[in-house]
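Below you'll find the structure, written out as structure tokens, and then a few comments.
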Amino acid sequence: MMQTKVQNKKRQVAFFILLMLWGEVGSESIQYSVLEETESGTFVANLTKDLGLRVGELASRGARVVFKGNRQHLQFDPQTHDLLLNEKLDREELCGSTELCVLPFQVLLENPLQFFQASLRVRDINDHAPEFPAREMLLKISEITMPGKIFPLKMAHDLDTGSNGLQRYTISSNPHFHVLTRNRSEGRKFPELVLDKPLDREEQPQLRLTLIALDGGSPPRSGTSEIQIQVLDINDNVPEFAEELYEAQVPENNPLGSLVITVSARDLDAGSFGKVSYALFQVDDVNQPFEINAITGEIRLRKALDFEEIQSYDLDVEATDGGGLSGKCSLLVRVLDVNDNAPELTMSFFISPIPENLPEIIVAVFSVSDADSGHNQQVICSIENNLPFLLRPTVENFYTLVTEGALDRESRAEYNITITVTDLGTPRLKTQQSITVQVSDVNDNAPAFTQTSYTLFVRENNSPALHIGSVSATDRDSGINAQVTYSLLPPQDPHLPLASLVSINADNGHLFALRSLDYEALQAFEFRVGATDRGSPALSSEALVRVLVLDANDNSPFVLYPLQNGSAPCTELVPRAAEPGYLVTKVVAVDGDSGQNAWLSYQLLKATELGLFGVWAHNGEVRTARLLSERDAAKHRLVVLVKDNGEPPRSATATLHVLLVDGFSQPYLPLPEAAPAPAQADLLTVYLVVALASVSSLFLFSVLLFVAVRLCRRSRAASVGRCSVPEGPFPEHLVDVNGTGTLSQSYQYKVCLTGGSETNEFKFLKPIMPNFPPQGTEREMEETPTSRNSFPFS
């Protein structure tokens with residue numbers, strides 16, 4: 001608020017700030033002179049020399065000559081740097097009767113803005129002869145008039161001034177009169193006829209004389225008027241005015257017919273000799289704005305006055321009686337100025353558009369004038385307060401419109417500025433001129449992304465050149481400064497092959513996958529994109545793009561256990577005494593996909609005898625479904641289907657061989673040599689087999705040592721766990737050491753591998769060694785069902 005008041009105050013007093021604001025304006029005015037009526041194109045001066053500038057500086061700085069009222073009396077030649085006359089000058093038209101005719105002007109330079117004051121004096125030549133208002137004048141003079149009597153005559157008018165103006169009057173040779181040349185207060189010369197010798201009507205009733213007006217030119221010019229003198233009979237008294245000089249003041253806007261003043265004269269004679277009539281000694285009957293009532297002496301306005309053209313009138317009023325005698329007085333009418341002229345604004349220099357980022361740019365240079373006078377002529381310039389512009393006075397009623405500070409095109413690209421010029425008259429008159437200033441763009445805004453980071457989702461196995469998303473940036477600038485180009489920035493991870501993964505359309509920010517993505521190889525990656533405008537210098541910004549690869553069900557389940565090796569199938573041993581729900585084994589499988597594509601379910605697809613075994617759907621455990629009997633076949637082949645939850649689902653099968661035994665103790669089940677894995681077998685499977693064999697061998701040795709020390713009943717023991725035996729008849733070396741026909745003890749080891757395990761580590765629990773009674777039968781020998789499930793593989 002305070003800042004606005006200060007700015008407003010500055011603008012109000014702007015008119016009264018003097019030339020101190022512009023140090024570069026010269027304090028002395030350069031003066032030139034030229035004779036009037038000189039031909040157009042005549043050399044006046046060389047500006048480069050007179051202004052003390054370098055050669056070529058005037059042309060490079062756009063020199064121009066500015067006169068008041070926007071008239072171009074002179075022209076500047078940019079080639080020679082000379083000032084030349086632009087037109088013939090008529091001093092009388094330009095300055096009227098003013099003797100000293102001086103036309104002020106300014107030389108305006110740009111970059112930086114600079115003013116030089118100068119003036120052109122138009123010198124008078126003797127191109128006008130004196131002229132009388134009438135070719136003939138009539139005088140009536142009584143024969144008894146005494147010598148020395150003075151008779152005023154109508155004056156001649158010469159448009160020239162100084163020595164070329166009217167200088168003197170002469171009269172043709174005669175014995176009765178001579179002429180005197182008198183000076184008025186304002187400098188004009190008028191003639192007076194002086195009687196030298198008495199007249200005699202009877203001898204010569206009339207005379208004709210020639211009045212000659214001469215100027216001071218070389219050679220002199222002259223004008224003539226005939227004087228006809230009638231000699232009258234005796235009339236003793238001459239009309240006499242109450243005052244020798246009357247003065248009146250008339251506002252220029254007085255209506256026609258209004259009374260200016262009333263003059264009055266008396267004549268002491270009687271009868272017709274005492275009757276007075278009034279008349280004006282008029283220089284120009286056509287242009288004279290006054291008229292007089294011949295009877296009353298009232299002088300009234302018959303034509304409109306204009307103070308700006310003529311400020312005062314000098315009139316001679318004549319009073320004539322009936323006998324022909326006359327008296328004379330002078331009337332000075334001063335025209336009073338009325339504020340009837342609005343100020344004028346002349347634009348000399350205007351720039352649009354202007355750059356937005358530079359302070360105090362000169363937008364316009366203009367001059368103001370008012371044809372009135374006094375307070376009516378004083379003016380104040382102003383613009384709206386809410387605009388970032390200032391008015392600064394320079395010289396001779398010149399103003400500059402400058403920016404107050406740097407503009408911002410993005411906030412406002414155009415300003416409509418109304419310049420108001422108001423005079424100080426009553427009532428105040430004003431003139432307004434509107435200009436439109438365009439603000440040109442400068443690249444001062446970097447592109448801005450709509451988001452600081454983008455997250456894109458791409459399903460794996462996509463087709464190359466797939467459009468995976470877009471980034472977008474906008475620039476508040478305009479034109480070429482707002483044209484945005486997109487690019488990929490170097491990745492922060494040097495191992496990320498970004499150039500082979502994605503590309504970006506430089507024009508619209510569309511992102512494309514260059515090749516098919518594999519979720520199992522690359523789940524996500526991120527990179528930065530840049531947006532650069534085309535300004536100078538170019539500005540840029542960047543945004544982060546995260547690409548998340550969505551899993552597709554492109555991997556089938558893989559069975560880790562039992563190993564699916566055609567040359568060495570896995571055989572599980574199950575005692576016939578097993579209860580329903582007895583854990584036979586567990587199918588362990590993994591899926592390379594993720595999410596629901598990796599959710600596995602298990603089901604029994606085929607079995608030698610349906611209803612004997614079942615598979616738990618969620619964990620792949622194979623358990624007995626009922627009690628076993630002697631009638632059940634000893635060998636069983638199970639096919640377990642492992643299926644994921646993808647769409648469409650993928651599956652794999654695992655084949656199990658189950659051998660039903662009546663009972664066993666210290667069996668020796670040699671491990672067959674595994675067939676060499678095919679070249680394309682998974683490396684993880686190889687590691688699992690090697691680790692399993694190593695751990696099993698170590699564990700077997702420990703069990704043998706433990707049994708030999710504690711029981712001392714066996715000389716040799718074999719570990720039966722997750723054993724692999726070839727299909728076919730039960731090995732002959734597995735014998736019943738107790739002679740009961742069954743195995744008295746069962747050493748079972750369960751290896752479980754969970755689907756989430758990726759460490760290839762195996763964990764083993766201690767073997768289950770049930771305590772059998774010495775004389776127990778097969779029925780009395782119970783095996784804990786959970787023992788098969790107490791040996792997890794993770």
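Just so you know, glycine gets a Cβ as well, placed from its N, Cα and C.
Look at Swiss-Prot and you will find 34-132 tagged as domain 'Cadherin 1'. Predicted-model confidence for the domain 'Cadherin 1' (34-132) is 85, expressed as mean pLDDT.
Note: the domain 'Cadherin 3' (246-345) comprises 4 helix, 48 strand, 48 coil (DSSP; helix = H, G, I, strand = E, B). Residues or ranges marked as domain 'Cadherin 3' in Swiss-Prot (evidence: sequence analysis): 246-345.
Positions annotated as domain 'Cadherin 4' by Swiss-Prot: 350-449.
Under the heading domain 'Cadherin 5', Swiss-Prot lists 454-559, citing sequence analysis as support.
According to Swiss-Prot, the domain 'Cadherin 6' annotation covers 566-669, on the basis of sequence analysis.
Around Asn46 (N-linked glycosylation site), the same-chain residues six or more apart in sequence whose CB sits under 8 Å from its CB are Thr80, His81, Asp82, Leu83, listed in sequence order. As annotated by Swiss-Prot, N-linked glycosylation site applies to Asn46 (among others).
Taking a C-beta cut-off of under 8 Å and a sequence gap of six or more, Asn183 (N-linked glycosylation site) has these contacts in its own chain: Lys189. Asn183 (N-linked glycosylation site) carries a strand DSSP state (E or B). Marked as N-linked glycosylation site by Swiss-Prot: Asn183 (among others).
Swiss-Prot lists Asn416 (among others) with the feature N-linked glycosylation site, giving sequence analysis as the kind of evidence. Taking the Cβ of Asn416 (N-linked glycosylation site) as reference, residues of its chain lying under 8 Å away and at least six apart in sequence are, in sequence order, Ser434, Ile435, Thr436.
Within 10 Å of the C-beta of Asn565 (N-linked glycosylation site) there are 17 other C-beta atoms, taking all protein chains into account. Taken from Swiss-Prot, the feature N-linked glycosylation site applies to Asn565 (among others).
According to Swiss-Prot, the feature region 'Disordered' maps to 773-794.
Feature annotation from Swiss-Prot assigns topological domain 'Cytoplasmic' to 710-794.
Residues or ranges marked as transmembrane segment in Swiss-Prot (evidence: sequence analysis): 689-709.
Per DSSP, the domain 'Cadherin 1' (34-132) is made up of 17 helix, 37 strand, 45 coil. No contact links the domain 'Cadherin 4' (350-449) to the domain 'Cadherin 6' (566-669), because fewer than 3 Cβ pairs that are 6 or more residues apart lie under 8 A.
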